[in-house]
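Novice: According to TrEMBL, the protein carries these features:
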{"type": "BINDING", "residues": "Leu117, Gly121, His122, Leu123, Glu240", "note": "(6S)-5,6,7,8-tetrahydrofolate binding site"}
{"type": "DOMAIN", "residues": "5-380", "note": "domain 'Serine hydroxymethyltransferase-like'"}
{"type": "MOD_RES", "residues": "Lys226", "note": "N6-(pyridoxal phosphate)lysine"}
{"type": "SITE", "residues": "His225", "note": "site 'Plays an important role in substrate specificity'"}
Amino acid sequence: MADLVTNDPQIAAIIENETTRQEQGLNLIASENTVSRSVLAAQGSVLTNKYAEGYPARRYYGGCDFVDQAEDLAIARAKKLFHAPYANVQAHSGSQANMAVYFALLNPGDRILAMGLSHGGHLTHGAAASFSGRLFEFAHYGLTPDTEVIDMDQVADLAKSFKPRLIVAGASAYSRIIDFQAFAEIAASVHALFMVDMAHIAGLVAGGVHPTPVGYADVITSTTHKTLRGPRGGLILGSEDLAVKINAQIFPGIQGGPLMHVIAAKAVAFNEAMQPDFARYQQQVVANASVLADALMSRGYKLVSNGTDNHMVLMDLTDKPLTGKEAETRLGRAGITVNKNTVPNEKKGPFVTSGIRIGVPLITSRGMKPDAVQQIARLICDVLDDVAAVDRVASQVKDLCRQYPLYPGEVR
Ligand SMILES: *Cc1c(COP(=O)(O)O)cnc(C)c1O
């Protein structure tokens, strides 16, 4: 950092400001987390200097001995962590992991059945603005109107009538356990392939607090930076027989040189995720989300599906005099960061929305437990109930964050 301060004070100041923002703000974005110093060290290393197109021992560049070791370790650890026969650790992001799998298993124009965006699915699950929606034909399933859980009858019906070549399970905004076995049975019954996109829940799966898709899905994609608490990137798992096809679609199919510094950081994160502390962390995440859900509902706020089994809750503000966008902005002024989110049967569109998504992975990484979570729920409801509470809550948020440093023991 000392060199950066001298050589590029503008960027150094931006990093310093962002560090302060992260330290002093209450970040409840469900897809974010805070990585260890070890992950940061690997990601900020000289491995960024190395070109290594290809795969370990089969590179298009010389000098790859050490980065080969890093990638071999990352692969071995990913396989061990998830008990998967095959892993590709080169995808630059979750979206690229999905793109590579679609390209490996399907032809342009083929049919895919996935969760609808407004019900919690991801852009790469067939949004018109995404490559996925442009290149493939999608049908979408959603939630049941009453209980607001994934409508497995609808999945089965669409599987029969739409005849997809691939069925995708996985979501960006869904607070319940996903029944991978039921999906796998439906896929088998229509001779479709089955992919699980566990981008959000990979850490919960690794920590044993969400059932694993391994053994049910033909292929699994993920990010490494959400609940898994690694560097920003993607991951693909599957059976050995898909290895050649998927590897070839990542490189040279859709990517060039792999980000070896990120791959080394993934290896560090996978190792961290195999430690007993990590399972305890994930148990705490689920416990914290459950406490948050109960506390919000006891103040009269409705949650999609009336609660949570995982790391986040979806607040449905349809009956409140407040849009998702307004709630996001108002909470932001109080130092609480959430994101607006569509709710099932959204009437207000994706830029305004009628809901917010609230996640606890990051605050749990900071060491917060149910007492802090109770307090956070109170602060959220105070602000949403009454805009006049913003200033008072903002100062309480700062006090709370001071008690839970991002990197304990560090002098800044
Ligand atoms: C976050 C997410 C992705 C994409 O990850 P990026 O790294 O942002 O490209 C894909 N699928 C799901 C379900 C996600 O939640």
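Easy rule for this one: first residue shown is 1, then count along the chain.
Here the Cβ of each residue, glycine as well, is placed from N, Cα and C on the backbone.
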Novice: Please report how many Å separate the Cα atom of His225 (site 'Plays an important role in substrate specificity') from that of Leu123 ((6S)-5,6,7,8-tetrahydrofolate binding site), as a whole number.
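Specialist: With the alpha carbons as reference points, the distance is 17 Å.
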Novice: Between Leu117 ((6S)-5,6,7,8-tetrahydrofolate binding site) and the residue listed as 'N6-(pyridoxal phosphate)lysine', find the distance joining the two CA atoms and give it rounded to the nearest Å.
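Specialist: A Cα-Cα distance of 19 Å.
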Novice: Using only the Cα atoms of Leu117, Gly121, His122, Leu123, Glu240, which the record gives as binding (6S)-5,6,7,8-tetrahydrofolate, return the largest interatomic distance in Å, rounded to a whole number.
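Specialist: If we measure all Cα pairs in Leu117, Gly121, His122, Leu123, Glu240, the largest is 31 Å.
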Novice: Can you grab the distance from His122 ((6S)-5,6,7,8-tetrahydrofolate binding site) over to Lys226 (N6-(pyridoxal phosphate)lysine)? Cα atoms, rounded to a whole Å.
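Specialist: Lys226 (N6-(pyridoxal phosphate)lysine) has its Cα 14 Å from the Cα of His122 ((6S)-5,6,7,8-tetrahydrofolate binding site).
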Novice: What's the CA to CA span in angstrom from Gly121 ((6S)-5,6,7,8-tetrahydrofolate binding site) over to the residue listed as 'N6-(pyridoxal phosphate)lysine'?
Specialist: 16
Novice: Give me the count of other Cβ atoms within 10 A of the Cβ belonging to His225 (site 'Plays an important role in substrate specificity').
Specialist: 26
Novice: When neighbour density is defined as the number of other C-beta atoms within 10 angstroms of a residue's C-beta, which of the recorded positions His122, Lys226 has the lowest density?
Specialist: His122
Novice: Taking the binding-site residues one at a time (Leu117, Leu123), which has its Cβ surrounded by the most other Cβ atoms within 10 Å?
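Specialist: The largest 10 Å Cβ neighbour count belongs to Leu117.
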Novice: Let me know the DSSP-derived helix, strand or coil state of Leu117 ((6S)-5,6,7,8-tetrahydrofolate binding site), please.
Specialist: helix
Novice: Measure from the CA atom of Leu123 ((6S)-5,6,7,8-tetrahydrofolate binding site) to the CA atom of the residue listed as 'N6-(pyridoxal phosphate)lysine' and give the result in Å, rounded to a whole number.
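Specialist: Cα-Cα, rounded: 16 Å.
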